[in-house]
Amino acid sequence: MIHGTKVLKEGFAKMTKGGVIMDVVNAEQAAIAEDAGAVSVMALERVPSDIRKAGGVARMADPSKVIEIMDAVDIPVMAKVRIGHFVEAQVLQSLGVDMIDESEVLTQADEDFHIDKEQFTIPFVCGARDLGEALRRVDEGAAMIRTKGEAGTGNVVEAVRHMRTIQGAIREIENKTEEELWQVAREINAPRELVKLTAEKGRIPVVNFSAGGIATPADAALMMQLGADGVFVGSGIFKSENPELVAKAVVEATAHYEDADLIADVSTDLGAAMPGIDINEIPEEERLQNRGNLI
């Protein structure tokens, strides 16, 4: 197998910085996302809110669905695989997608291992709730991290929690000695070289987007102000009353996240946002964010 270089994979991820990646389930939605200014689309059969409602086992999208969406747009297309399901990843690579999301939104396939992402030519994005989780995924070859949030809820609280957790951990290690960093590496179960690099850079070594519960332009701007390099929006666009308007507004708010006047303007008369779920109504064992966090 010919391996894509680490530089090329991370370079692709950096090209999406400052942008919005939108979940789409068909060619029509993909075209709406592209017209709104999305930097990429995520091809899947059901958005996270529908996956949550349906229950059962959620798997990689049918290849015909992925191809339909790839043929509909000129922007990069991503697709999800189950955690640890390297054959689903092989299939998506064969189809020619631009990036693979090893995602907790789908049912976990392997409770002991994530995919060895260095065995693939295309880049991967993975979710994380804390610094240790993020750096373990980077060590496996992830070219992008996204804070997990709680997908399919329309509730940004967990996305905020995870971004603050990661950013806070980075601030704590920035001025530590090398010996102290080794201790941190042991405590968070992460490679010490990556812990040291994170302390030196003042950020995790790859692009870090936010995901899970972003439903409004203000949500997107909030995550950017908290330190995200960009945002994933799953159910928030196409479960809203006016997807075309919301998609454009989220893109504008993400690009101009410090301009309150602009955010107010694009947030006006959008219609109803997607229905939300109080995180306290979701039992701990049913929270998607918990999938893969112990690996």
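Residue positions begin at 1 at the first shown residue.
Including glycine, each Cβ sits where the backbone N, Cα and C put it.
Going through GLY127, GLY132, GLY213 against Swiss-Prot, the one listed in the D-ribose 5-phosphate site together with ASP23, GLY152, GLY234, SER235 turns out to be GLY213. Of all the binding-site residues given, namely GLY152, GLY213, GLY234, the one with the smallest number of surrounding CB atoms inside 10 A is GLY152. GLY234 (D-ribose 5-phosphate binding site) falls within neither a helix nor a strand when secondary structure is assigned with DSSP, and so counts as coil. Burial estimate for the recorded positions (LYS80, ARG164): highest at LYS80, by number of other CB atoms within 10 Å. By a simple count of nearby Cβ atoms, those within 10 Å, the most crowded of the binding-site residues ASP23, SER235 is ASP23.
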